[in-house]
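What TrEMBL says about this one:
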type	residues	note
DOMAIN	42-121	domain 'Potassium channel'
DOMAIN	168-237	domain 'Potassium channel'
TRANSMEM	35-56	transmembrane segment
TRANSMEM	68-85	transmembrane segment
TRANSMEM	97-122	transmembrane segment
TRANSMEM	161-182	transmembrane segment
TRANSMEM	215-236	transmembrane segment
Amino acid sequence: MGTNLHRSKTAPAIAVLNDIIHPTIPKPQFGSPSIVRQAFVLVLLYLSLGVIIYWFNRSNFVGHETHPIVDVLYFCIVTICTIGYGDITPNSVTTKLFSILFVLVGFGFIDILLSGMISYVLDLQENYLLRTVQHGGQKKDSTRSYIIDVKKGRMRIRMKVGLALGVVVLCIGIGVGAMHFVESLGWLDSFYLSVMSVTTVGYGDRVFKTLPGRLFATIWLFVSTLAVARAFLYLAEARVGKRHRKMTKWVLDHDLTISEFLPADIDNNGFVSKLEFVIYKLKELGKVSEKDIMQICETFDRLDVGNCGKITLADLVESHH
């Protein structure tokens with residue numbers, strides 16, 4: 001005989017009162033505008049530090065010069081993006097030590113912050129496309145299912161890869177045009193320098209030598225190198241995702257064997273309950289680990305004040321006092 005469970009009429013009032021006394025802790029949001037602002041400020045501060053140190057030691061750097069301030073920014077950007085054209089190089093102990101520290105810290109710190117900024121921009125782009133496709137009408141269900149993972153409510157990885165590669169192609173195209181018209185390079189050399197730059201190869205046989213060219217490079221190199229890194233990350237994610245889907249299908253279609261019975265019987269009572277079977281499958285899928293399960297059980301035991309194997313509203317009220 002089934003049992004009908006009804007919510008108490010006083011439950012909403014208790015819930016509101018509990019939220020007032022014990023406010024809900026908001027989940028951390030990654031890639032939010034505030035994080036992007038913080039990253040932008042930190043990048044500016046870091047570049048400003050590099051500019052100041054370079055400015056007071058610019059006599060200890062050798063290379064083709066255009067304008068002191070532009071050359072400073074250009075050197076810092078080329079260094080922090082790990083391109084290393086070699087057209088401006090340090091030639092003293094102090095400047096070499098500065099360059100070592102600047103590139104090490106920049107490679108491990110600034111790149112992470114800037115990657116967060118690029119991720120935020122790509123997420124905005126993804127959300128815009130999601131809204132556009134979702135409101136495109138029922139006639140485009142096949143298109144929507146190809147672009148959007150309906151169950152997860154997000155864009156499929158293949159579309160992310162396409163977007164990222166599109167940004168890379170755009171960056172390379174902009175670089176080719178700028179190098180041809182600003183640096184007066186041929187189309188092949190412009191394409192060559194553009195690709196060698198965005199992939200951070202930077203052979204150094206073709207570099208930015210003009211003032212407008214270096215001004216363009218300070219912004220273009222920042223965006224393009226990170227866009228390429230993000231594109232390769234999405235490609236790797238797509239490959240790993242495909243392998244993970246195959247593994248997931250095998251685990252979900254795989255029946256419980258005799259050798260797996262004992263590990264699945266968590267409480268060692270001689271049978272595997274539905275809950276134990278779900279937990280075992282989640283462990284096989286790598287969704288949770290034994291340590292995660294132990295921590296969840298410890299949290300449950302802490303909230304189960306009456307030690308009855310259930311969490312009641314009275315238990316919650318008592319645990320919060």
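Backbone N, Cα and C atoms are what each Cβ position is placed from, and that goes for glycine too.
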Secondary structure tally of the domain 'Potassium channel' (42-121) (DSSP, helix then strand then coil): 60 helix, 6 strand, 14 coil
Quick one: DSSP breakdown of the domain 'Potassium channel' (168-237) into helix, strand and coil? 53 helix, 0 strand, 17 coil
